[in-house]
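J.: Pasting the feature list from Swiss-Prot:
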BINDING   35, 77, 115, 156  substrate binding site
C-alpha cells in the first residue's frame, strides 16, 4: 500500500544551499527539535497513520544512495503524521540494517508511535544535516540523523493542511 503524499515526498528536489525564504518557512523547515512536539505545541493531538513498515532492498531506497552505508537491506517506515486526525506531514525513514543493533532495534517496533517521541528522548541523537526540498507545490526536508553514531535518513513532506503554509 502507498499514499499519494509519499509519491510527492519521493519526488522532492533538494536545494544545494539553504534558500532565501520567509522566516516562517525557515522556522519550520530548519527545526532541529521534534516535529511531533511542534505539532503538539499547536494545540493538536498528534497521531500516526502507518502506511508501510518493512525490510526492503537497496533498489527501494535509492534516495539514500551516498547518504547511508550501502547495505543489502534497510528498514523502511512510511507514515502520515496527523494533527487532530488531519494529515499534516508525510514521513519516510530509511534505516540501514546495521543501525538496528542494540537499543536501536526499537526502530523496528514503533508502530503508531511518532518517531520523534523516540528519537528526541535519546541522549545519543545527533543530526548531520538538514536539506530543504520542494516539489511543484509542497515543501519538504531530509536529515541524516545518528543514534549512538549509527545513521538513519528521515524525509518529511509538509502537507497542505500543515501550519507551514
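Placement of Cβ uses the backbone N, Cα and C atoms for every residue, glycine included.
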J.: Please classify the secondary structure at residue 115 (substrate binding site) using three-state DSSP.
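T.: Note: residue 115 (substrate binding site) is helical by DSSP.
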J.: Around the substrate site formed by 35, 77, 115, 156, which additional residues qualify by having Cβ within 8 Å of the site's Cβ center?
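T.: Same chain, not in 35, 77, 115, 156, Cβ within 8 Å: 36, 79, 81, 89, 91, 92, 93, 114, 116, 154.
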J.: Starting from the Cβ of residue 115 (substrate binding site), draw a 10 Å sphere and report how many other Cβ atoms land inside it.
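T.: Result for residue 115 (substrate binding site): 22 neighbouring Cβ atoms inside 10 Å.
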